[in-house]
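Beneath this line is the structure, given in structure tokens, with notes to follow.
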Amino acid sequence: MASSQVGDMVNGNAEPTRHLAKFPPSLWGDRFTSFTLDKQLWDKYGNEIEVLKEQVRSMVVAGGRKAAEQINLINVLERLGVSYHFEKEIEEQLEQLFAKFEDNEDYDLFTIALHFRIFRQHGYKMSCDVFNKFRDSNGEFKETVSNDVQGMLSLYEATYLKIRGEGFLDEAHAFTIAQLESLVGGPHLSSDLSEQVMHALKQSIHRGFPRLEAKHFISFYEKDASRNETLLRLAKLDFNQLQLSHREELCHIFRWWKELDLISKVPYARDRAVECFFWSTCAYYEPQHSVGRAVLTKIMLLLSVTDDTYDAYGTYDELKLYTNAVQRWDVSAMDELPDYMKALYRALLNVYDEVERDLAKQGRDYGVHHSKEAFKEIVRSYEIEAEWFKEGYVASFEEYMKNALVTSTGRLHTTSCFMGLEADVATTEAFEWILTKPKMVAASGAIGRLVDDVMSHDEEQERGHVATGLDCYMKQRGVSKQEAIVELYKMIENAWRDINEEMLKPTAISMKLLIRVLNLSRISDVVYKYVDGYTHPEIIKDHVISLFEDPIPM
């Protein structure tokens with residue numbers, strides 16, 4: 001998110017020239033304005049879920065199962081989206097499995113890669129040396145690997161857990177993509193397996209929205225001849241019940257946003273209440289985090305309008321006034337602002353007051369101060385970009401990234417996300433950890449910033465925009481746009497490696513917190529994969545409908 005708008009008053013009191021972005025309008029009209037939760041259906045789902053949960057819990061802790069079977073059960077639970085019900089039991093099982101793991105010669109590629117991915121996802125640093133037996137004396141993959149589609153698919157997914165210095169996993173990633181792409185639609189794959197491969201190549205497990213990926217996997221799993229009907233039934237019920245909760249929450253948010261009526265006062269801004277809630281649901285979908293989803297959505301909406309104000313409407317002089325007002329964080333500062341900014345500033349103060357009151361009821365309002373300070377920091381960095389645009393200044397890539405890691409919103413989103421977690425998880429120490437500018441938060445911000453720079457570059461430059469990371473890199477290195485894009489994607493991949501490494505034990509803070517930073521990073525991979533899906537919401541419209549409207553047939 002970067003500033004592109006400056007303007008000068010012409011002929012005294014005339015309206016300044018503004019480089020309006022003409023963002024696409026909201027897609028949703030009044031679609032989410034009303035929703036009545038079917039309490040009878042909710043209770044019906046809930047009663048059966050409780051019975052099935054106990055049956056599945058018994059499966060997880062039951063002895064006598066081989067390690068490969070146990071790791072596969074854990075994988076299925078995670079991919080079906082129901083593992084959050086059994087976190088304690090799963091962690092206990094994984095601790096035992098990792099301690100006893102041996103690179104058994106009988107394990108095939110599918111099983112080894114599955115162990116690797118599951119262990120790494122849970123912070124256990126399994127060495128990629130476990131894959132050596134699938135390579136020949138020249139270091140190339142054995143011919144048998146190319147004939148093992150399930151094994152290659154499992155290895156492909158495992159490569160997304162790589163850290164720096166693991167060149168083999170880079171090679172394996174390129175190899176499996178090439179092999180799997182060559183097989184899609186061919187005679188050697190069943191239609192069901194081909195569908196799985198195509199989806200995996202489009203969206204990896206590790207970088208996908210957990211709830212969306214669960215829904216996809218449920219559709220694959222119910223076609224699996226070896227499926228467990230109890231697991232499948234639990235997954236369907238759980239998805240549909242949680243969807244009802246999310247839909248009700250979205251209705252409350254949507255009505256709140258309509259009643260706030262901010263967009264009518266700042267019509268230049270993107271109207272994205274539904275998309276912000278979608279974003280928040282990726283950060284945490286679990287039922288106990290309803291307050292967190294509401295808090296994060298509201299703050300994201302305010303930041304979105306603030307970004308558009310700096311990016312596509314405000315003059316430089318107006319933006320300086322607004323920056324100063326945000327630093328003061330006092331209602332009296334409103335008097336100095338233009339009318340349209342008064343509406344935004346009033347909303348900012350009121351929403352944070354509302355959030356603070358709601359969290360104070362639960363004794364966890366101490367994070368609000370940190371969120372406010374992060375918001376102030378972003379606004380200061382927005383003004384820096386506004387000044388760069390005004391002066392026609394192209395920063396060095398290093399100077400750009402120093403400021404961009406602030407405007408990428410990593411600190412604000414992480415802080416605001418933590419505010420919605422339980423007090424015994426998001427402690428005061430957790431918020432202080434964010435202030436240390438940890439590598440994981442920086443990496444998450446870098447991913448979001450660089451992906452957005454690439455995907456929105458042409459459109460932003462067409463209307464007039466501060467030099468992005470792509471422009472700064474091209475000028476400093478004297479390379480073409482395409483060459484710069486290649487280098488920026490290398491940086492994005494390294495940032496993902498850093499995230500993966502920061503989640504390996506021992507971790508700096510609780511894994512329950514780190515998973516939220518990971519989830520915030522996943523948003524960039526889904527929403528900005530091919531184009532800026534936040535600015536152009538039709539790109540992610542099907543995702544929104546799938547998550548919040550379309551239940552799974554029972």
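Cβ atoms here come from the backbone N, Cα and C positions, even for glycine.
Within the listed segments 326-330, 336-340, 396-400, 541-545, Swiss-Prot records motif 'DDXXD motif' for the stretch 326-330. Following the DSSP three-state reduction, the secondary structure of Asp307 (Mg(2+) 2 binding site) is helix. Here the binding-site residues are Asp307, Asp311; the one with the fewest Cβ atoms within 10 Å of its Cβ is Asp307. Listed binding-site residues: Asp452, Ser456. The one with the lowest count of other Cβ atoms within 10 Å of its Cβ is Ser456. Between the alpha carbons (Cα) of Asp307 (Mg(2+) 2 binding site) and Ser456 (Mg(2+) 3 binding site) lies a span of roughly 14 Å. Put simply, Asp311 (Mg(2+) 2 binding site) is 13 Å from Ser456 (Mg(2+) 3 binding site) when counted between their Cα atoms.
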